[in-house]
Amino acid sequence: MNIAVAQSGGPTCAINASLVGVFKEALKTPEIDAVFGSINGIEGMIKDELMDLKLVIRTNEDMELLRQTPSTVLGSCRYKLPAVETDDEVYKKIHENLTKHRIEAFFYIGGNDSMDTVDKLSAYLKSVGSDIKVIGIPKTIDNDLPVTDHTPGFGSAAKYVAATVQEIIRDSSVYSIESVTIVEIMGRHAGWLTASTCVLRANDEIAPHLIYLPECNFSAEKFLEDVRSMQAKHKAVIVAVSEGVKLPQDSKRPVAVDNFGHEYLSGIGKSLEQLVKDHIGCKVRSIELNVMQRCSSHICSKTDIDEAELIGSEGVKRALAGETGKMMVYKRLSDVPYVITIESAEASAVANKEKFFPRRWINDAQNDILPEAEKYFLPLIQGEVKIAMKNGMPVHFKLK
Ligand code: F6P
């Protein structure tokens, strides 16, 4: 038998580690012959753009480099399968291509939208009597997938964001004048990544002094009041804000959306910077961490990368055991010592759904994170990967 794997949605720096997990497990499994990589997610399965991965990932060194390479080596997509009742052409095409290449299991590494594909495709294949298995391997820096304790890619993004905010704190505190520095952090409508900046308190940082999540009520007036009261205590005020936080006036503006109807979010940092300029008038700067937070692998979390590889290999085992229409999930057994197991859940329980940051870990004023959240975040950012370097720079694996 052959298998195929694809990557989908926004990049992370652990998504290639999951690909390595799938690939290595296939190498260990005598009944698996070829491992095909589908280019640009499910689009590659539709267009029959597949690559024999054994021809391009040839050595252990290749696998090590791939593990430390951020983003998606096979490309990505934000392609939504139509409802099968209205249009089954694309499903027929995928089935035809899977059959043509003797692919008996398909692994889709992605987030909530990609699990929609896992759910729909597995249901279609079952409905036409096919025995081809479809398994979802989670990933997203947003950490917003239901059922799983956390998502591959999140720990590394959280480590990068916290380390960067710590550096921003050092830089912002050098002058004697008052200043406000606003850091805008990704995560869509879930505040996990922004909230994770609270881990800096474990290293005796007080900042970020204000943390705003999309899960909370937000207004310009309250923000300015919060900043003013922090300025009474701190010369340099540091603010962490989720990209999903909206000012009422911004909610009315038309915005571009992707194929799943998600708005392209960004700009709250700039809007808050303008507010501070107009109403407080001190030195103010906004910093959008932008794609760096999802593709910076030089300070990735070893825990995250190791787990991402493991969950990929567990996915292969589950498919061979006959499971389909499932997404692999982490179950946390304890925080200290940190112990997880890997199980599977129905992809339909994750598809198109979001898991929000818990209200019980947000303070009453809705502008900070409570210390209880630290025990959730800290294990996820532990450990450093020894990054292979060349000419003083990290080496990335590239498909030739
Ligand atoms: O879902 C991951 C994510 O990086 C979000 O945090 C962000 O809002 C979105 O993707 C950006 O989408 P795109 O990669 O299409 O610009």
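Start at 1 and count along the chain as shown; that gives each residue its number.
Note: Cβ is positioned from N, Cα and C throughout, glycine not excepted.
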Of Glu85, Glu89, Glu243, residue recorded by TrEMBL at the substrate site of Thr140, Ile141, Asp142, Met186, Gly187, Arg188: Glu243
Per-residue Cβ crowding (10 Å cut-off), top of recorded positions Lys139, Arg188: Lys139
Recorded positions near Asn112 (Mg(2+) binding site) (Cα-Cα within 10 Å), from Lys139, Thr140, Met186, Glu243: Lys139, Thr140
Whole-number Å value for how far Gly10 (diphosphate binding site) lies from Lys139 (site 'Important for catalytic activity') (Cα to Cα): 9
Whole-number Å value for how far Asp113 (site 'Important for catalytic activity and substrate specificity') lies from Ile141 (substrate binding site) (Cα to Cα): 14
Fewest other C-beta atoms within 10 angstroms, as judged across Ile141, Met186, which are the binding-site residues: Met186
Recorded positions whose CB lies under 6 angstroms from ligand 1, from Asp113, Lys139, Met186: Met186
